[in-house]
Amino acid sequence: MSDYLGAHMSIAGGLHKSVERAVAAGCGTLQIFTRSSNQWKGKPVSDKDADLFRSSFAASGLHEVISHDIYLINLAAPAGDTRDKSLAAFGDEMATCARLGINKIVMHPGSHTTDSPEAGLERVISAFDQLFEQTPEYEGLVLLETTAGQGTNLGRTFEELQTIINGSKYPDRFGICFDTCHTFAAGYNTATPEGYADVMAQFDRLLGLERLLCFHFNDSKKGLGSRVDRHEHIGQGTLGLEPFRFIMHDPRFITVPKILETPKGDDDAMDQVNLALLRSL
């Protein structure tokens, strides 16, 4: 597919199967978990599996494949077991992506849990400085994802993401993944032309539009500023179709991957429905 619309696909049956699923759904881009998203230790990727994934992707016609880190990782956690496991797991993810030829990893900045956002952000900064130094084989980027700000989750504001990037010794290693559901739930109104223009101007001023390297395309079950992360099919939630229309027609984002994370339905059938709707805008 010539455009950059895509979806998150399962790796059930092997990493290369995600590529087959993306092509079958009519995707131009792809996002995957490289292992089970709810286990700290993943099955090591064999050389055979890595080669098969690389060759499948090269032959697929897909523009790009992006990894998403596992849900358990919390690099904002205070010192202790969760932080230690998170550092190890993200380091493993970086090493795996290097072997698979994936050069972008989307991640949630994490939760500060019991103290302050400022303390949590400092821990994220420290974690990435350590990870970049300890995993030189991964030469790609980490894409910090905008979040809805549930509970003590970090990344609700562009300013928090800016703090991580500016605080790191390696600011050039970061990009941003803009989740349409999360930003709306966080209070950024992209549902009107004026609101969309204002949000993108804020993003450009604080982070730089050149860092916006991926979209997660999700409608929201909850309202503007709700700080609740609940994805909905495109056009069936509180965002409506306009934010997606604005992005699809924005010349600045033509070659930026736009990844669906909406409910799948039977046999991933809803991916094709959502992709067709987006292409009709």
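Backbone N, Cα and C atoms are what each Cβ position is placed from, and that goes for glycine too.
As annotated by Swiss-Prot, Zn(2+) 1 binding site applies to HIS68, HIS108, GLU145, with the evidence given as sequence analysis. Under DSSP, HIS108 (Zn(2+) 1 binding site) is assigned to coil, being neither helix nor strand in the three-state scheme.
Classification of GLU145 (Zn(2+) 1 binding site) by DSSP places it within a strand. Listed in sequence order, VAL106, MET107, HIS108, PRO109, GLY155, ILE176, CYS177, ASP179, HIS182, HIS216 are the same-chain residues at least 6 apart in sequence whose CB falls under 8 Å from the CB of GLU145 (Zn(2+) 1 binding site). Residues or ranges marked as Zn(2+) 2 binding site in Swiss-Prot: GLU145, ASP179, HIS216, GLU261.
Around the Cβ of ASP229 (Zn(2+) 3 binding site), a 10 Å sphere holds 20 further Cβ atoms from the protein chains shown. According to DSSP, ASP229 (Zn(2+) 3 binding site) is assigned to coil rather than to any helix or strand. For HIS182, ASP229, HIS231, the entry in Swiss-Prot reads Zn(2+) 3 binding site.
Using the Cβ center of HIS68, HIS108, GLU145 for Zn(2+) 1, the list of other same-chain residues with Cβ within 8 Å runs, in sequence order, ASP69, VAL106, MET107, LEU143, THR147, CYS177, ASP179. Note: the Cα of ASP229 (Zn(2+) 3 binding site) and the Cα of GLU261 (Zn(2+) 2 binding site) are spaced 12 Å from each other.
Counting in whole angstrom, HIS68 (Zn(2+) 1 binding site) lies 11 from GLU261 (Zn(2+) 2 binding site) by their C-alpha atoms.
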